[in-house]
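Undergrad: Mind looking over this structure? Questions follow.
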Amino acid sequence: MTDLTHLLDSLLEKHNARSRRNPSQPKDEFLKEAYRINTHIISLTTYLRSIRAPYLSTAPPPIRSTRRNSHASSSKHPHVGPPDRTYLTDPQRESIDASSKTLIRDLNASITQLSQAETVRQQTIDQISAKKRARIGGALLRWAEGDVAGKNARGGGEISGEEQTTRMWREGVLFYLQMKLGQVGEMQRAMMTRRLEREVERSKSVLYKTKGAGAPAGLLEEQGTMNGFGGGHGGGKGGAGGGYPSKMGAVELEEEAKRTEIQLSPEQLQLFAKENEDLLKHYEDTLDQVRTVERSVIEISDMQNQINANLSIQQESIGQLVTDSFNTTENVGGGNKQLKKATERKSTARMVFWATCGLCSFLVIWDLVF
């Protein structure tokens, strides 16, 4: 089927009509807060999905892209920024991790406050209902009122059922928010874990390349010659394993290192020392990044566990509310049957009333006649 949405929008614009109606704002404070939390969760989810590729990329960003995104990385909440980024620097990734964790923590606190407010509301309604049921003479009045008792019972049943439905619905809303927040936390944790794995793999690759290209050619040739000589000598010895003892090998390595230093010029020695310092600094920076990401993953995991615990509590509450709803339905049905039977039978109060009226009429007639 052809999509005519754009054609319809253009026709509406020609007639100065709105293409989309503004959504009505809910009047309930619970719904307002739930919509606000859900909006932030959707925004954060969309942002994390949009930056997943540049976030996990290990390619170094170009200079122009770094300058262009330097201002954007300083914002407090990066999920409101432009999502079409191609490259991200390490400070930008750390800023994204910190702001995302802060936002998830704030949303979790907001959901907890919303749940506590709902619990207080339910407790208040229960206390008011208990006070109404505990009025003095209430049972006696219901016994004496006959049919009116059935109306009151039906009215109370409707109020109780409405409140029960509201509680179940709000528990479902809280469960949905907790579930969506848990999915966002799991997404960020997976991204950070994958980034940590790629950083470790890249550091291993850099170390391998440095080992292959950093050693001088003369040292590699002499080391290969010494290895061949040692192997031949060990083969001549035969027997128990061959080769030189460990102390002799250490002494020979020291002598070999001294001969290599003598063969190299001071500029080459200084160059190798600088390369070693740069390599050590690179691995220290990589180790710091790995530790930072590891701490972030641990924090996200803690929040994930807390969210899962809240989900379990909400699920138990919903199950209890469903059970109470079934019990209430059965009780209301049984009460309606009993009320129907009671209305079919003659009421004791009605019989006493008619007997009293008959007796009084008989006495009046007796007095008039005799």
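Every residue number used here counts from 1 along the chain in the order it is shown.
Note: Cβ is positioned from N, Cα and C throughout, glycine not excepted.
Quick paste from TrEMBL:
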REGION    57-95  region 'Disordered'
COMPBIAS  65-79  compositional bias 'Basic residues'
DOMAIN    280-342  domain 'T-SNARE coiled-coil homology'
Undergrad: I'd like the per-state residue tally for the domain 'T-SNARE coiled-coil homology' (280-342) from DSSP, helix first, then strand, then coil.
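TA: With helix first, then strand, then coil, the domain 'T-SNARE coiled-coil homology' (280-342) has 63 helix, 0 strand, 0 coil.
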Undergrad: What average pLDDT does the predicted model assign to the domain 'T-SNARE coiled-coil homology' (280-342)?
TA: 74
